[in-house]
Amino acid sequence: MDERALVFSDGLTDPQISQVLALAEAATRHDGVAPLSEQALLTLRAGRSRSLLSLEDGVIAGYAHLDPAPDGAGASGEVVVHPGRRRRGHGRALLRALRERARGPLRVWAHGDLAPAAALAAAEGMARVRVLLQMRRPLQDSPLPEVTVPDGVTIRTFEPGRDETAWLRVNGRAFADHPEQGAWTLEDLRARQAEPWFDPAGLFLAERDGRLIGFHWTKVHPDPIGEVYVVGVDPSAQGLGLGRVLTLIGLHHLRDRGLPAVMLYVDESNRPALRLYESLGFTRYAVDVMYQSPPPH
């Protein structure tokens, strides 16, 4: 008879981190979609993840990441089970353990909107509350509109050591209602700057009268494919069409690097952003879903 155990940790050991990363890679190969977000992977690799492990005969069969989310929106989590150890109750056990530790409403991301995840969420009484779309467009075989920068606005690239504070200010204002992006700290920003993909030449800043009012941060994946990583416009600069301008500047940059295509993520409920991206030739490619449970009784 196999031995099962659930283990909670505020920081996994290096061997445990390696096992979880291998588990996530196996799930990606099997499902065709990565089971963990960038933020979850960053905290995992840094040894700072609040983690739940589901063990079977001493082997990590499943992993859950818990983000206590001090923004008041409730805790959030992500769950992955090794493909070879599914349908044995690991996912359900991890989900219920997350709910207990959340001590309030729990939000859980299901990357890829896969049927087994939807079935588990329904069985656990969780409601579908948010849909994140991945959209894509080709770059080399599809023309891009030219860029016209508004009068009084200048564009330059990010300078590490100079622009962090201003960037965080605009990011916080632009995403004040966004539970993940708007709460970024200097530590979060520096964690991305330390990643091998970070390139300040791909982070474009818009300024007016010497003050930052918007940005477009691009990213290049090894596939290779480019990404509209994040576009933010300060509320004081709304109405200038700056979101479209910054998006196009980044798309031209990625095209000129020779990348065949570009991707982005956008909330399905963000109708203005969806209209913008569709007008620029993006189409829907994949879906992530957030489920929410009520607090435990």
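The backbone N, Cα and C atoms fix where each Cβ goes, and this holds for glycine too.
The domain 'N-acetyltransferase 1' annotation in Swiss-Prot covers 7-156.
Taken from Swiss-Prot, the feature acetyl-CoA 1 binding site covers Val79, Val80, Val81, and the record attributes it to sequence analysis. A strand conformation is recorded for Val79 (acetyl-CoA 1 binding site) in the three-state DSSP classification. For Val79 (acetyl-CoA 1 binding site), the count of additional Cβ atoms within 10 Å of its Cβ stands at 26 [all protein chains shown].
Secondary structure of the domain 'N-acetyltransferase 2' (153-297) per DSSP (helix as H, G, I; strand as E, B; remaining residues coil): 52 helix, 49 strand, 44 coil. If you look up Swiss-Prot, you'll see 153-297 marked as domain 'N-acetyltransferase 2', on the strength of sequence analysis.
With a 10 A radius on its CB, Val231 (acetyl-CoA 2 binding site) counts 25 other CB atoms from all the protein chains. What Swiss-Prot records for 231-233, 238-244, 270-275 is acetyl-CoA 2 binding site.
Cβ-based neighbour count (10 Å, all protein chains) for Asn270 (acetyl-CoA 2 binding site) stands at 14.
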